[in-house]
């Protein structure tokens with residue numbers, strides 16, 4: 001196990017349902033293996049400012065069902081500077097922390113990679129993001145819960161869209177990845193998904209919608225990823241309104257609703273497995289890897305691979321949506 005006797009845990013970047021389940025798993029697995037645990041508040045900001053507290057098993061009782069993160073999360077400009085990272089390292093050493101477990105997305109893992117390279121600190125990452133955009137893992141903590149939140153919202157929007165015979169553009173999160181939009185569309189029976197991985201022109205949408213109305217579909221729902229590459233739901237809605245004023249068009253932006261809520265059973269189990277595996281990795285002297293899951297097996301993915309590679313959307317899912325929305 002080397003010289004690791006105390007680990008620090010932090011959550012960074014956008015919050016995701018299941019982060020608390022991961023905090024619980026890391027804490028209890030560490031204690032089970034004889035390690036001391038320190039909770040670092042507000043992500044890398046807490047490492048810079050010294051907001052650090054010892055965690056016992058009872059500190060993580062009754063949190064597995066909670067959304068958000070008890071450790072809080074924040075952006076930290078100071079950590080992007082060498083001076084800020086030096087402060088973070090000094091605080092880490094003062095607290096006796098030998099290794100870090102970072103729960104977050106690609107920005108969080110990028111920060112961990114830089115920190116590890118500069119100070120030779122063992123860092124283990126857990127994929128915590130609703131976007132599901134990290135390479136090397138089939139799914140990320142929070143993605144399943146966000147997908148179910150989208151499904152619940154679209155089911156309700158479908159009721160009013162049908163009643164008023166309207167075309168709804170529903171914008172979902174995902175940044176530059178279309179996993180939420182595409183799989184949300186398949187799960188909800190939406191007519192189309194606009195995602196950054198594949199271009200969609202207004203005339204393609206219009207022909208698709210026309211076909212639906214010819215087949216007695218009196219309403220349609222299109223899910224749009226929030227990416228700058230797509231322009232978002234408002235962009236498409238305005239273009240359709242201008243070019244095809246015969247359609248009654250509405251826009252719903254789900255926004256931060258997707259980040260909240262109690263995590264699903266899938267996310268709780270995933271977070272628990274990944275959290276326990278993070279401690280296994282530390283005990284094995286692993287460093288600077290993300291813990292992922294592929295084909296239901298735990299994998300160690302180097303930070304460089306997880307961060308630099310784009311996670312592809314499966315073309316067969318695009319085809320499934322196209323075939324089922326006729």
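In case you wondered, yes, glycine gets a Cβ from its N, Cα and C as well.
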*asked:* Suppose a student reads Swiss-Prot and sees 129, 130, 131, 166, 173, 174, 175, 250, 256, 257, 258, 259 listed for substrate. Which of 197, 226, 228 should they find annotated at that same site?
replied: 226
*Taking 8, 14, 18, 178 as the options, which does Swiss-Prot list with 75, 76, 105, 106, 107, 108 at the ATP site?*
14
*When you put residue 131 (active site, proton acceptor) at the centre and draw a 10 Å sphere around its Cα, which of the binding-site residues 26, 75, 108, 189, 217, 250 have their Cα inside it?*
none
_I'd like to confirm something. Which of the binding-site residues, 14, 189, 217, has a Cα closest to the Cα of residue 173 (substrate binding site)?_
14
*asked:* Taking only same-chain residues 6+ apart in sequence, whose CB is under 8 Å from that of residue 129 (substrate binding site), what do you get?
replied: 13, 14, 16, 104, 105, 106, 140, 141, 142, 143
*Which of the binding-site residues 28, 219, 257, 259 has its Cα closest in space to the Cα of residue 108 (ATP binding site)?*
259
*Relative to the Cβ position of residue 175 (substrate binding site), how many further Cβ atoms are located within 10 Å?*
19
